[in-house]
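Before I ask anything, here is the structure I am working with.
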Amino acid sequence: MSKKYDAGVKEYRDTYWTPDYVPLDTDLLACFKCTGQEGVPREEVAAAVAAESSTGTWSTVWSELLTDLEFYKGRCYRIEDVPGDKESFYAFIAYPLDLFEEGSITNVLTSLVGNVFGFKALRHLRLEDIRFPMAFIKTCGGPPNGIVVERDRLNKYGRPLLGCTIKPKLGLSGKNYGRVVYECLRGGLDLTKDDENINSQPFQRWRERFEFVAEAVKLAQQETGEVKGHYLNCTATTPEEMYERAEFAKELDMPIIMHDYITGGFTANTGLANWCRKNGMLLHIHRAMHAVIDRHPKHGIHFRVLAKCLRLSGGDQLHTGTVVGKLEGDRQTTLGYIDNLRESFVPEDRSRGNFFDQDWGSMPGVFAVASGGIHVWHMPALLAIFGDDSCLQFGGGTHGHPWGSAAGAAANRVALEACVKARNAGREIEKESRDILMEAAKHSPELAIALETWKEIKFEFDTVDKLDVQ
(Lines of atoms letter the chains of each structure in order from A and count residues from 1; the text may use other names and numbers.)
(Lines give C-alpha, C1' and ligand atoms only; values in the text may rest on other atoms or scores of the structure.)
Protein backbone atom coordinates (compact mmCIF):
# COMPACT_ATOMS: atom_id res chain seq x y z
CA MET A 1 0.00 0.00 0.00
CA SER A 2 1.44 3.39 -0.98
CA LYS A 3 2.20 6.04 1.62
CA LYS A 4 -0.36 8.76 2.12
CA TYR A 5 0.70 12.37 1.76
CA ASP A 6 -0.62 14.60 4.57
CA ALA A 7 -0.32 18.24 3.60
CA GLY A 8 0.17 20.93 6.21
CA VAL A 9 2.59 22.05 8.88
CA LYS A 10 3.73 19.90 11.78
CA GLU A 11 6.19 20.46 14.57
CA TYR A 12 9.84 19.76 13.80
CA ARG A 13 10.23 17.61 16.91
CA ASP A 14 7.76 15.09 15.56
CA THR A 15 10.33 14.11 12.94
CA TYR A 16 13.78 15.38 13.94
CA TRP A 17 13.90 14.92 17.74
CA THR A 18 15.05 11.32 18.26
CA PRO A 19 16.43 10.88 21.81
CA ASP A 20 16.68 7.10 21.38
CA TYR A 21 18.97 7.33 18.36
CA VAL A 22 22.49 5.91 18.76
CA PRO A 23 24.91 7.70 16.38
CA LEU A 24 26.74 5.58 13.82
CA ASP A 25 30.50 5.64 13.33
CA THR A 26 29.85 7.05 9.86
CA ASP A 27 27.63 9.91 11.10
CA LEU A 28 28.94 13.44 11.15
CA LEU A 29 28.17 14.76 14.64
CA ALA A 30 27.69 18.41 15.54
CA CYS A 31 27.20 20.26 18.80
CA PHE A 32 25.24 23.52 18.63
CA LYS A 33 24.71 26.02 21.42
CA CYS A 34 21.09 27.11 20.96
CA THR A 35 19.24 30.07 22.42
CA GLY A 36 15.59 29.89 21.40
CA GLN A 37 12.89 32.50 21.39
CA GLU A 38 10.88 32.78 24.60
CA GLY A 39 8.17 30.15 24.85
CA VAL A 40 9.60 27.78 22.23
CA PRO A 41 10.37 24.35 23.78
CA ARG A 42 13.99 23.19 23.68
CA GLU A 43 13.09 20.05 21.76
CA GLU A 44 11.39 22.10 19.06
CA VAL A 45 14.33 24.50 18.74
CA ALA A 46 16.85 21.66 18.55
CA ALA A 47 14.74 19.71 16.07
CA ALA A 48 14.36 22.83 13.92
CA VAL A 49 18.15 23.14 13.74
CA ALA A 50 18.45 19.48 12.75
CA ALA A 51 15.74 19.86 10.12
CA GLU A 52 16.84 23.13 8.54
CA SER A 53 20.48 22.00 8.39
CA SER A 54 19.56 18.74 6.67
CA THR A 55 16.36 17.69 4.85
CA GLY A 56 13.59 19.74 6.42
CA THR A 57 11.59 22.80 5.50
CA TRP A 58 8.76 24.68 7.17
CA SER A 59 5.95 22.69 5.55
CA THR A 60 5.30 19.06 4.72
CA VAL A 61 5.97 18.55 1.00
CA TRP A 62 4.70 15.82 -1.31
CA SER A 63 8.17 15.13 -2.73
CA GLU A 64 9.24 13.62 0.59
CA LEU A 65 7.55 10.48 -0.70
CA LEU A 66 10.10 10.29 -3.52
CA THR A 67 13.01 9.61 -1.16
CA ASP A 68 13.80 7.89 2.12
CA LEU A 69 13.58 10.75 4.60
CA GLU A 70 14.34 8.46 7.52
CA PHE A 71 17.71 7.64 5.96
CA TYR A 72 18.77 11.17 5.01
CA LYS A 73 17.45 13.37 7.81
CA GLY A 74 19.56 14.92 10.56
CA ARG A 75 18.61 13.77 14.04
CA CYS A 76 18.89 15.66 17.33
CA TYR A 77 19.69 12.84 19.73
CA ARG A 78 20.69 14.72 22.89
CA ILE A 79 20.13 18.01 24.70
CA GLU A 80 22.32 19.28 27.55
CA ASP A 81 22.31 22.32 29.81
CA VAL A 82 25.02 24.94 29.32
CA PRO A 83 26.77 25.45 32.68
CA GLY A 84 26.03 28.89 34.07
CA ASP A 85 23.61 29.82 31.27
CA LYS A 86 19.88 29.38 31.87
CA GLU A 87 18.89 30.68 28.43
CA SER A 88 20.97 28.39 26.23
CA PHE A 89 21.42 24.65 25.79
CA TYR A 90 23.53 22.26 23.75
CA ALA A 91 21.91 20.30 20.94
CA PHE A 92 23.77 17.26 19.61
CA ILE A 93 22.85 16.36 16.04
CA ALA A 94 23.83 13.39 13.89
CA TYR A 95 23.96 13.73 10.10
CA PRO A 96 24.15 10.80 7.67
CA LEU A 97 27.41 10.93 5.73
CA ASP A 98 25.61 10.81 2.39
CA LEU A 99 24.34 14.36 2.96
CA PHE A 100 27.80 15.70 2.12
CA GLU A 101 29.98 15.74 -0.97
CA GLU A 102 33.18 13.78 -0.45
CA GLY A 103 36.11 15.96 0.61
CA SER A 104 34.11 19.19 0.46
CA ILE A 105 34.37 21.38 3.56
CA THR A 106 32.48 23.99 1.57
CA ASN A 107 29.51 21.65 1.28
CA VAL A 108 29.60 20.63 4.95
CA LEU A 109 29.54 24.23 6.15
CA THR A 110 26.89 25.23 3.64
CA SER A 111 24.58 22.67 5.24
CA LEU A 112 25.47 23.07 8.90
CA VAL A 113 25.77 26.85 9.10
CA GLY A 114 23.64 27.96 6.16
CA ASN A 115 20.10 29.31 6.36
CA VAL A 116 19.49 27.85 9.82
CA PHE A 117 21.48 30.68 11.42
CA GLY A 118 18.84 33.16 10.31
CA PHE A 119 15.94 31.09 11.64
CA LYS A 120 13.38 33.24 13.51
CA ALA A 121 12.76 30.63 16.22
CA LEU A 122 16.38 31.18 17.32
CA ARG A 123 17.79 34.20 19.09
CA HIS A 124 21.32 32.85 18.86
CA LEU A 125 23.00 29.79 17.41
CA ARG A 126 26.61 28.70 17.63
CA LEU A 127 28.34 25.68 16.12
CA GLU A 128 30.61 24.56 18.98
CA ASP A 129 32.20 21.41 17.59
CA ILE A 130 32.06 18.77 14.84
CA ARG A 131 33.06 15.12 14.95
CA PHE A 132 34.18 14.22 11.43
CA PRO A 133 33.86 10.48 10.78
CA MET A 134 36.87 8.62 9.42
CA ALA A 135 34.88 7.80 6.30
CA PHE A 136 34.79 11.54 5.51
CA ILE A 137 38.35 12.30 6.62
CA LYS A 138 39.67 9.73 4.16
CA THR A 139 38.13 11.73 1.29
CA CYS A 140 39.99 14.93 2.26
CA GLY A 141 43.49 15.82 1.11
CA GLY A 142 44.51 17.43 4.39
CA PRO A 143 47.84 19.23 4.90
CA PRO A 144 49.93 19.25 1.71
CA ASN A 145 53.04 18.21 3.67
CA GLY A 146 52.58 18.10 7.42
CA ILE A 147 54.88 18.69 10.37
CA VAL A 148 57.49 16.00 9.69
CA VAL A 149 57.98 16.88 6.03
CA GLU A 150 58.08 20.60 6.78
CA ARG A 151 60.86 20.10 9.33
CA ASP A 152 62.80 18.08 6.77
CA ARG A 153 62.37 20.77 4.11
CA LEU A 154 63.49 23.54 6.46
CA ASN A 155 66.09 21.44 8.32
CA LYS A 156 64.80 22.65 11.70
CA TYR A 157 64.54 20.18 14.58
CA GLY A 158 64.13 20.14 18.34
CA ARG A 159 62.55 23.57 18.74
CA PRO A 160 59.73 25.76 17.44
CA LEU A 161 60.21 27.61 14.18
CA LEU A 162 60.96 31.30 14.67
CA GLY A 163 59.51 33.99 12.46
CA CYS A 164 58.00 37.43 12.16
CA THR A 165 55.57 39.45 10.09
CA ILE A 166 57.09 42.29 8.09
CA LYS A 167 56.15 45.71 9.47
CA PRO A 168 54.81 48.14 8.56
CA LYS A 169 52.44 45.67 6.96
CA LEU A 170 51.39 48.13 4.25
CA GLY A 171 53.14 50.97 2.45
CA LEU A 172 56.66 49.66 1.79
CA SER A 173 58.01 49.47 -1.75
CA GLY A 174 59.08 46.06 -2.98
CA LYS A 175 62.77 46.86 -2.55
CA ASN A 176 62.41 48.18 0.99
CA TYR A 177 60.20 45.24 1.86
CA GLY A 178 62.93 42.87 0.72
CA ARG A 179 65.47 44.81 2.78
CA VAL A 180 63.43 44.25 5.96
CA VAL A 181 63.11 40.53 5.13
CA TYR A 182 66.88 40.27 4.77
CA GLU A 183 67.55 42.05 8.08
CA CYS A 184 65.25 39.67 9.96
CA LEU A 185 66.60 36.49 8.41
CA ARG A 186 70.27 37.38 8.79
CA GLY A 187 69.55 38.28 12.41
CA GLY A 188 68.49 34.73 13.23
CA LEU A 189 64.89 34.12 12.23
CA ASP A 190 63.94 31.03 10.25
CA LEU A 191 61.02 32.61 8.41
CA THR A 192 59.38 35.92 7.65
CA LYS A 193 55.88 36.49 6.34
CA ASP A 194 53.57 38.74 4.44
CA ASP A 195 50.76 40.11 6.55
CA GLU A 196 47.27 38.96 5.69
CA ASN A 197 46.31 42.14 3.82
CA ILE A 198 49.37 42.51 1.62
CA ASN A 199 48.37 41.24 -1.82
CA SER A 200 49.12 43.44 -4.84
CA GLN A 201 48.51 47.11 -4.08
CA PRO A 202 49.62 50.25 -5.95
CA PHE A 203 52.57 50.84 -3.62
CA GLN A 204 53.86 47.28 -4.10
CA ARG A 205 52.76 44.89 -6.83
CA TRP A 206 52.98 41.21 -6.02
CA ARG A 207 55.59 40.29 -8.63
CA GLU A 208 57.94 43.02 -7.45
CA ARG A 209 57.57 41.86 -3.84
CA PHE A 210 58.17 38.21 -4.74
CA GLU A 211 61.39 39.04 -6.62
CA PHE A 212 62.92 41.23 -3.91
CA VAL A 213 61.92 38.78 -1.17
CA ALA A 214 63.48 35.86 -3.08
CA GLU A 215 66.72 37.81 -3.40
CA ALA A 216 66.69 38.58 0.33
CA VAL A 217 66.01 34.96 1.32
CA LYS A 218 68.81 33.60 -0.84
CA LEU A 219 71.31 36.18 0.40
CA ALA A 220 70.45 35.44 4.04
CA GLN A 221 70.84 31.72 3.39
CA GLN A 222 74.28 32.23 1.89
CA GLU A 223 75.43 34.36 4.82
CA THR A 224 74.07 32.19 7.64
CA GLY A 225 74.31 28.70 6.17
CA GLU A 226 70.73 28.04 7.33
CA VAL A 227 67.58 27.28 5.34
CA LYS A 228 65.40 30.39 5.30
CA GLY A 229 61.96 31.17 3.93
CA HIS A 230 59.25 33.78 3.56
CA TYR A 231 55.50 33.22 3.37
CA LEU A 232 54.52 34.79 0.05
CA ASN A 233 50.81 35.62 0.22
CA CYS A 234 49.14 34.26 -2.91
CA THR A 235 45.61 35.30 -1.92
CA ALA A 236 44.21 37.12 -4.93
CA THR A 237 41.12 38.47 -6.66
CA THR A 238 40.49 35.25 -8.59
CA PRO A 239 41.66 31.63 -8.33
CA GLU A 240 43.48 32.04 -11.64
CA GLU A 241 45.55 34.92 -10.26
CA MET A 242 46.19 32.95 -7.06
CA TYR A 243 47.68 30.06 -9.03
CA GLU A 244 49.75 32.46 -11.16
CA ARG A 245 51.35 33.84 -8.01
CA ALA A 246 51.95 30.36 -6.62
CA GLU A 247 53.64 29.29 -9.85
CA PHE A 248 55.91 32.33 -9.79
CA ALA A 249 56.91 31.60 -6.18
CA LYS A 250 57.87 28.11 -7.31
CA GLU A 251 59.91 29.52 -10.21
CA LEU A 252 61.82 31.65 -7.69
CA ASP A 253 62.61 28.49 -5.71
CA MET A 254 60.77 29.72 -2.62
CA PRO A 255 59.81 26.96 -0.15
CA ILE A 256 56.50 28.29 1.19
CA ILE A 257 53.46 30.30 0.15
CA MET A 258 50.51 31.68 2.09
CA HIS A 259 46.72 31.92 1.89
CA ASP A 260 44.01 33.76 3.85
CA TYR A 261 41.68 30.78 4.12
CA ILE A 262 38.53 32.38 5.51
CA THR A 263 38.40 35.46 3.29
CA GLY A 264 39.70 33.42 0.36
CA GLY A 265 37.21 30.62 0.99
CA PHE A 266 37.46 26.88 1.51
CA THR A 267 37.10 26.04 -2.17
CA ALA A 268 40.10 28.21 -3.04
CA ASN A 269 42.03 26.90 -0.05
CA THR A 270 41.48 23.25 -0.92
CA GLY A 271 42.54 23.93 -4.49
CA LEU A 272 45.71 25.70 -3.40
CA ALA A 273 46.53 22.91 -0.93
CA ASN A 274 46.19 20.36 -3.72
CA TRP A 275 48.50 22.48 -5.89
CA CYS A 276 51.09 22.66 -3.08
CA ARG A 277 50.97 18.89 -2.62
CA LYS A 278 51.65 18.32 -6.31
CA ASN A 279 54.37 20.96 -6.53
CA GLY A 280 56.31 20.38 -3.32
CA MET A 281 55.41 23.70 -1.68
CA LEU A 282 54.64 24.38 1.97
CA LEU A 283 51.41 26.25 2.75
CA HIS A 284 51.04 28.79 5.56
CA ILE A 285 47.47 29.71 6.51
CA HIS A 286 46.27 32.97 8.02
CA ARG A 287 42.87 33.15 9.73
CA ALA A 288 41.94 36.76 8.89
CA MET A 289 38.21 37.43 9.60
CA HIS A 290 37.91 34.55 12.08
CA ALA A 291 36.91 36.74 15.04
CA VAL A 292 33.89 38.07 13.13
CA ILE A 293 32.68 34.47 13.06
CA ASP A 294 33.96 32.95 16.29
CA ARG A 295 34.27 35.56 19.04
CA HIS A 296 30.64 35.95 20.16
CA PRO A 297 30.06 33.30 22.86
CA LYS A 298 26.49 32.57 21.73
CA HIS A 299 26.46 33.06 17.97
CA GLY A 300 28.65 31.98 15.07
CA ILE A 301 31.19 29.18 14.72
CA HIS A 302 33.79 28.34 17.35
CA PHE A 303 37.37 28.49 16.12
CA ARG A 304 37.91 24.83 17.04
CA VAL A 305 35.53 24.03 14.16
CA LEU A 306 37.37 26.36 11.79
CA ALA A 307 40.67 24.76 12.83
CA LYS A 308 39.37 21.24 12.19
CA CYS A 309 38.03 22.34 8.82
CA LEU A 310 41.41 23.81 7.89
CA ARG A 311 43.22 20.58 8.71
CA LEU A 312 40.87 18.76 6.34
CA SER A 313 40.92 21.44 3.64
CA GLY A 314 44.71 21.69 3.72
CA GLY A 315 47.45 23.79 5.29
CA ASP A 316 50.83 23.18 6.90
CA GLN A 317 50.67 26.06 9.39
CA LEU A 318 47.69 27.85 10.97
CA HIS A 319 47.46 30.91 13.21
CA THR A 320 45.92 29.98 16.56
CA GLY A 321 46.39 33.04 18.77
CA THR A 322 48.99 33.29 21.52
CA VAL A 323 47.19 33.11 24.92
CA VAL A 324 49.73 35.63 26.28
CA GLY A 325 49.64 38.22 23.49
CA LYS A 326 47.16 40.81 22.25
CA LEU A 327 44.58 38.46 20.72
CA GLU A 328 41.58 36.64 22.23
CA GLY A 329 42.06 33.09 23.49
CA ASP A 330 42.43 31.41 26.88
CA ARG A 331 44.95 28.67 27.53
CA GLN A 332 42.69 25.61 27.78
CA THR A 333 40.58 26.48 24.74
CA THR A 334 43.70 27.18 22.67
CA LEU A 335 45.25 23.87 23.71
CA GLY A 336 42.03 22.14 22.67
CA TYR A 337 42.19 23.23 19.08
CA ILE A 338 45.97 22.91 18.90
CA ASP A 339 45.46 19.24 19.80
CA ASN A 340 43.07 18.91 16.87
CA LEU A 341 45.65 20.42 14.54
CA ARG A 342 48.53 18.17 15.55
CA GLU A 343 47.42 14.92 17.17
CA SER A 344 46.25 11.70 15.52
CA PHE A 345 43.53 11.17 18.14
CA VAL A 346 41.90 13.75 20.42
CA PRO A 347 39.59 12.49 23.19
CA GLU A 348 36.48 14.30 24.35
CA ASP A 349 37.56 16.80 26.99
CA ARG A 350 35.13 19.52 28.03
CA SER A 351 37.87 21.24 30.03
CA ARG A 352 39.49 22.03 26.67
CA GLY A 353 36.23 22.57 24.81
CA ASN A 354 36.32 19.29 22.87
CA PHE A 355 32.80 17.81 22.80
CA PHE A 356 33.66 14.65 20.86
CA ASP A 357 36.39 12.10 20.40
CA GLN A 358 38.11 12.95 17.12
CA ASP A 359 40.13 10.33 15.26
CA TRP A 360 42.38 11.85 12.59
CA GLY A 361 43.86 8.55 11.46
CA SER A 362 47.08 9.02 9.53
CA MET A 363 46.34 12.59 8.39
CA PRO A 364 49.47 14.76 8.84
CA GLY A 365 49.50 17.45 11.50
CA VAL A 366 49.56 21.23 11.20
CA PHE A 367 52.03 23.60 12.86
CA ALA A 368 50.29 25.92 15.35
CA VAL A 369 51.34 29.54 14.75
CA ALA A 370 51.53 31.95 17.70
CA SER A 371 51.45 35.53 16.48
CA GLY A 372 50.07 38.81 17.79
CA GLY A 373 51.50 41.10 20.46
CA ILE A 374 54.30 38.84 21.69
CA HIS A 375 57.87 39.72 22.71
CA VAL A 376 60.90 38.15 24.40
CA TRP A 377 59.37 38.12 27.88
CA HIS A 378 56.65 35.82 26.53
CA MET A 379 59.10 33.24 25.16
CA PRO A 380 59.08 30.82 28.14
CA ALA A 381 55.28 30.74 28.29
CA LEU A 382 54.98 30.33 24.53
CA LEU A 383 57.34 27.36 24.54
CA ALA A 384 55.46 25.79 27.46
CA ILE A 385 52.05 26.29 25.83
CA PHE A 386 52.80 25.52 22.19
CA GLY A 387 55.70 23.08 22.42
CA ASP A 388 58.13 22.35 19.61
CA ASP A 389 55.66 21.79 16.77
CA SER A 390 54.79 25.45 16.47
CA CYS A 391 55.92 28.64 14.83
CA LEU A 392 56.46 31.66 17.08
CA GLN A 393 56.14 34.93 15.17
CA PHE A 394 57.25 38.24 16.62
CA GLY A 395 56.29 41.22 14.45
CA GLY A 396 56.51 44.31 16.61
CA GLY A 397 58.60 42.17 18.95
CA THR A 398 61.27 42.03 16.24
CA HIS A 399 61.04 45.32 14.35
CA GLY A 400 60.43 47.38 17.50
CA HIS A 401 63.90 46.64 18.88
CA PRO A 402 65.79 49.93 19.42
CA TRP A 403 68.69 48.63 17.33
CA GLY A 404 66.55 47.49 14.41
CA SER A 405 65.08 44.31 12.98
CA ALA A 406 68.31 42.29 12.83
CA ALA A 407 68.93 42.93 16.53
CA GLY A 408 65.32 42.10 17.33
CA ALA A 409 65.66 38.82 15.45
CA ALA A 410 68.88 38.01 17.30
CA ALA A 411 67.22 38.72 20.65
CA ASN A 412 64.35 36.38 19.86
CA ARG A 413 66.68 33.62 18.66
CA VAL A 414 68.81 33.81 21.81
CA ALA A 415 65.71 33.85 24.03
CA LEU A 416 64.22 30.83 22.26
CA GLU A 417 67.39 28.77 22.39
CA ALA A 418 67.90 29.64 26.06
CA CYS A 419 64.36 28.49 26.89
CA VAL A 420 64.75 25.26 24.91
CA LYS A 421 68.05 24.53 26.63
CA ALA A 422 66.52 25.18 30.05
CA ARG A 423 63.50 23.00 29.31
CA ASN A 424 65.70 20.16 28.08
CA ALA A 425 67.68 20.43 31.30
CA GLY A 426 64.50 19.86 33.29
CA ARG A 427 63.90 23.41 34.49
CA GLU A 428 60.36 24.77 34.95
CA ILE A 429 60.59 27.42 32.29
CA GLU A 430 57.43 29.34 33.18
CA LYS A 431 58.27 29.57 36.88
CA GLU A 432 61.92 30.34 36.20
CA SER A 433 61.30 32.52 33.13
CA ARG A 434 62.94 35.67 34.46
CA ASP A 435 66.09 33.90 35.61
CA ILE A 436 66.43 32.01 32.32
CA LEU A 437 66.11 35.15 30.20
CA MET A 438 68.33 37.31 32.39
CA GLU A 439 71.06 34.66 32.35
CA ALA A 440 70.93 34.53 28.55
CA ALA A 441 71.00 38.33 28.33
CA LYS A 442 74.42 38.41 30.00
CA HIS A 443 75.87 37.09 26.75
CA SER A 444 73.54 38.91 24.33
CA PRO A 445 73.33 42.70 24.35
CA GLU A 446 70.48 42.46 21.83
CA LEU A 447 68.41 40.40 24.27
CA ALA A 448 69.31 42.65 27.19
CA ILE A 449 68.01 45.70 25.34
CA ALA A 450 64.86 43.84 24.26
CA LEU A 451 64.11 42.77 27.83
CA GLU A 452 64.47 46.34 29.02
CA THR A 453 62.36 47.73 26.17
CA TRP A 454 59.35 45.46 26.71
CA LYS A 455 59.52 44.82 30.45
CA GLU A 456 56.26 46.69 31.12
CA ILE A 457 54.26 45.50 28.11
CA LYS A 458 51.36 43.18 28.99
CA PHE A 459 47.96 42.43 27.48
CA GLU A 460 45.92 41.49 30.54
CA PHE A 461 42.30 41.52 29.40
CA ASP A 462 39.61 39.05 30.36
CA THR A 463 38.61 36.52 27.71
CA VAL A 464 35.27 37.28 26.04
CA ASP A 465 34.59 33.73 24.85
CA LYS A 466 35.08 31.54 27.91
CA LEU A 467 34.70 27.77 28.24
CA ASP A 468 31.29 26.67 29.51
CA VAL A 469 32.60 24.66 32.45
CA GLN A 470 32.07 24.91 36.18
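Even glycines carry a Cβ here, placed using N, Cα and C.
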Name the one residue among His230, His319, His443 that Swiss-Prot lists for the same substrate site as Asn115, Thr165, Lys169, Arg287, Ser371.
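The candidate from His230, His319, His443 that Swiss-Prot ties to substrate along with Asn115, Thr165, Lys169, Arg287, Ser371 is His319.
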With substrate as the bound species and Asn115, Thr165, Lys169, Arg287, His319, Ser371 as its recorded binding residues, calculate the greatest Cα-Cα distance and give it in Å as a whole number.
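Binding-site diameter by Cα atoms for substrate: 37 Å.
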So if I draw a 10 Å sphere around the Cβ of Arg287 (substrate binding site), how many other Cβ atoms end up inside it?
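So the Cβ neighbour count for Arg287 (substrate binding site) comes to 23.
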For Lys193 (Mg(2+) binding site), name the DSSP secondary structure in the helix/strand/coil scheme.
strand
Could you state the CA-to-CA distance between Lys193 (Mg(2+) binding site) and Lys167 (active site, proton acceptor) to the nearest Å?
10
C-alpha of Lys167 (active site, proton acceptor) to C-alpha of Asn115 (substrate binding site): distance in Å?
40
